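This report concerns only the one structure given below.
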Amino acid sequence: MIFPDKFDVIVIGGGHAGTEACLAAARMGCKTLLLSHNIETLGQMSCNPAIGGIGKSHLVKEIDALGGAMAKATDKGGIQFRVLNNRKGPAVRATRAQADRVLYKAAVREILENQPNLTIFQQAADDLVVEGETVRGVVTQMGVTFLAPTVVLTAGTFLGGRIHIGLENHSGGRAGDPPSIALADRLRELPLRVDRLKTGTPPRIDARSVNFDGLDEQWGDKPTPVMSFLGSQDDHPRQTCCWVTHTNERTHDIIRSGFDRSPMFTGVIEGVGPRYCPSIEDKVNRFADKNSHQIFIEPEGLTTHELYPNGISTSLPFDIQLALVRSIKGFENAHIVRPGYAIEYDFFNPQDLQYSLETKVISGLFFAGQINGTTGYEEAGAQGLLAGANAALKAQGKEPWCPERDQAYMGVLVDDLITMGTREPYRMFTSRAEYRLLLREDNADLRLTEKGRELGLVDDIRWAAFCEKREQIEQETQRMRSTWVQANSAEALQLADKLTAPLNREYSLLDLLKRPELTYADLGHLKGEAVANVQVAEQVEITAKYAGYIDRQQDEIARLRQHENTPIPASFDYDSVEGLSNELKQKLNEARPDNIARASRIPGITPAAISLLVIYLKKRGMLRKVAAES
């Protein structure tokens, strides 16, 4: 049957990408349908019970700045919060939260069920309605057809999913959930490049069987950080600790003894696993000189005894899993509640996508999350929000939007995927962003919330809070710029113990704040009243201390803008450019960059090759032609 109600946007999959996608489209006023094979697993944390970390928290904060759910759900479900790299510069600082799986999922479910314009329906999607080169809707497992001009596919590891434990394997989307076989087969009929990837998860341990004596405790930070710009410590449930233990030589011997029954080493698994989150057998094999690997013992929640031993993801046979676990300090009598496993699944070459995350070959069809070759909740959520927003824009007849690399980590993520593609699960790091001093997690709202408001992603409450914060930053910066401290004054004497050298002239508070030995806490109350909002104080201090570096990066961006504004026609014939090697022509033909800057970021494309492209465009008058058409 054809469902009587028509929708603007249909989202398939209720994981981290799917929830952000449907919420974004609904916030923008589109009539949105979320299809999930099981409503009880909306927002499920399929692997580790944590949100954030290096590079990842930047994405979470950006999702939050655009009105998304991930940071809010983390504050509601977070049972331990820490700021990583706290002693380093603000560009690489990252908030990480240990989460209670049940509380996190409940928070996501509450947000979904209270979102206007959003309908949820429990059914697996088996087919797409495609007419010519345009998507028209979705057909569910029981034959119900839902119609919409745009569809966002966020299938996670479910497309052709296959679970491996030792040499035994079976179909599955994750442990306990069926795969999407019919939909995977349908997608393979489309003119899209498909391949296989692999990820894995460790065995879960019953805390009652663990000896914690002698294990290092790891508590969260005080005061407790918050993830959302609108969050507070009052949102947090009871906080708890994690523990640290290590593998040993005996553990490694046990692991090696199972190599002949490992699906990784016997060729049973064809998919490539994540480089930066390898299985324990992969670590033992690749780093044979190491006699120990660290394991973080993470609680799965406040109302369960399950522990997540972060660092021993494995697909080894269960007898090897049990032996290796019990060889580890603290786990001598450990009971495994759930065995570890690897899962192999389909992903599609992200170079077949536009920057809106719409497929190039099927109009109206968007991909987000692991289907694009990424790994991680945060990477999925960021793509989901962008895909959902762009699906809404397309349904509304508006131009698509994707932030640039100098505007957001989201922009870095999408640009990396589309420009370079990936042959292994892609994970975000701060090192991937060349403008990371501008793209800090602390200023994500200042970078993106105004654009989010323009798109319709940001509600009145968030907008009012943002405007007030921005105004306070401007006012406090101006106050400190116009407030002066004279040499030998009472204020100068108060600072004497902290200064590396006495003041020899008059300084503004803002100039003093630029000194590495002084903080806003030292200066804010010196003459006048300091601001109470810690986010405001943080922005005033960071902007002052790093002003020179920030200006330098902005100058570099301005120079590169000349290339950003040099478009390449969609029909451009790279084979006709004399001087380009066949290898470079092939790379450019595969990536089809839409401007010179994106062409320059393709691996192997040299500055000399870029010069040839610019000269060719100028000689043929294509720069003027493209500019006139735009």
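Along the chain as shown, the residues are counted starting at 1.
Cβ atoms are placed via backbone N, Cα and C, with glycine included.
A 10 Å cutoff on Cβ-Cβ distances gives Gly14 (FAD binding site) a total of 28 other Cβ atoms nearby, all chains included. According to Swiss-Prot, the feature FAD binding site maps to Gly13, Gly14, Gly15, His16, Ala17, Gly18.
Using a 10 Å Cβ-Cβ cutoff, Cys277 (NAD(+) binding site) registers 18 neighbours. Annotation source Swiss-Prot lists NAD(+) binding site at 273-287, citing sequence analysis.
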(message) Between Ser279 (NAD(+) binding site) and Gly15 (FAD binding site), how many Å separate their Cα atoms?
(response) 23
(message) List the residues in the vicinity of the FAD site, defined as same-chain residues other than Gly13, Gly14, Gly15, His16, Ala17, Gly18 with C-beta within 8 angstroms of the site's C-beta centre.
(response) Val11, Thr19, Glu20, Ala21, Ser36, Thr154, Gly156, Gly369, Ala380, Gly384
(request) Sort Phe287 (NAD(+) binding site) into helix, strand or coil using the DSSP assignment. (result) coil
(message) On a simple 10 Å Cβ count over all chains shown, which one of the binding-site residues Ser279, Asn285 is most densely packed?
(response) Ser279
(message) Using Cβ atoms only, which residues of the same chain lie under 8 Å from Gly15 (FAD binding site) while being at least 6 residues apart in sequence?
(response) Gly43, Gln44, Ser46, Thr154, Gly156, Gly369, Ala380
(message) Distance check, please: Cα of Gly273 (NAD(+) binding site) against Cα of Gly13 (FAD binding site), rounded to an integer number of angstrom.
(response) 22
(message) Using a 10 Å cut-off on CB atoms, tell me which of the binding-site residues Gly13, Gly18, Gly273 is the least crowded.
(response) Gly273
(request) Please report how many Å separate the Cα atom of Cys277 (NAD(+) binding site) from that of Gly14 (FAD binding site), as a whole number. (result) 24
(request) Tell me, if you would, which residue among His16, Arg275, Lys283 (binding-site residues) has the fewest other CB atoms within 10 Å in the structure shown? (result) Arg275
